[in-house]
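Trainee: Okay, these came from TrEMBL:
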DOMAIN    5-83  domain 'DED'
DOMAIN    103-187  domain 'Death'
Amino acid sequence: MSSLQFNSLLLDISNQLTEKQLEDLKFLCGDMLGKRELEKICSGVRLFQVLTERMKLGADNTDCLSRFLTQIQRQDLAERLESFESQADLSDVLPDKEERDKLGIATEVIVENLGKNWRKMGRRLGLTEVKIDSVSKRHPTDLEETTRELLKEWRRSQGAQARTQELIQALRACMLNRTADLVEDSLPSC
């Protein structure tokens, strides 16, 4: 994804913020920016520029702004931001077809068996709390869809490096050996 596309998204987000929401965002950024800098900010665009200059925001670094948008009750804007980052991740090289097939099988087995342990699994796979919370809000009452979305996020974050064996190791590290065994049993033998 280009810098122009990312900046266009930030401009659109800025245009959708009310004055109160901008003030709330500035308050949440207080520790990062300082009072004098915050007083100079009068638009979302300027806030995003300063966050970018301070390396707190970028096309591949949207977690902080996404979390702040969620905290000011603008989940719709946070999801657009996360969707942008996910689309950028999809441009990475995918694993080979054999590994993609194995990941698909493993995903289905894990979705059917993981249940309420999905957060623990997400942490073990290295997903941030912001990503985990975002997944939770997308499917608050459906554990299977939450797990499926969690595994999609992990695959996006790993790109071509996503491996079924890493899922199995994460399951075992979470003491979910039965699910790990089911995944191994469902995979085609070499």
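Just so you know, the numbers here start at 1 and follow the chain as drawn.
Placement of Cβ uses the backbone N, Cα and C atoms for every residue, glycine included.
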Trainee: Going by DSSP assignments with H, G and I as helix and E and B as strand, what are the residue counts for the domain 'DED' (5-83)?
Mentor: 60 helix, 2 strand, 17 coil
Trainee: Considering every residue in the domain 'DED' (5-83), what is the mean pLDDT value?
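Mentor: Average per-residue pLDDT within the domain 'DED' (5-83): 89.
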Trainee: Counting by DSSP, what is the helix, strand and coil composition of the domain 'Death' (103-187)?
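Mentor: Split into helix, strand and coil, the domain 'Death' (103-187) gives 70 helix, 0 strand, 15 coil.
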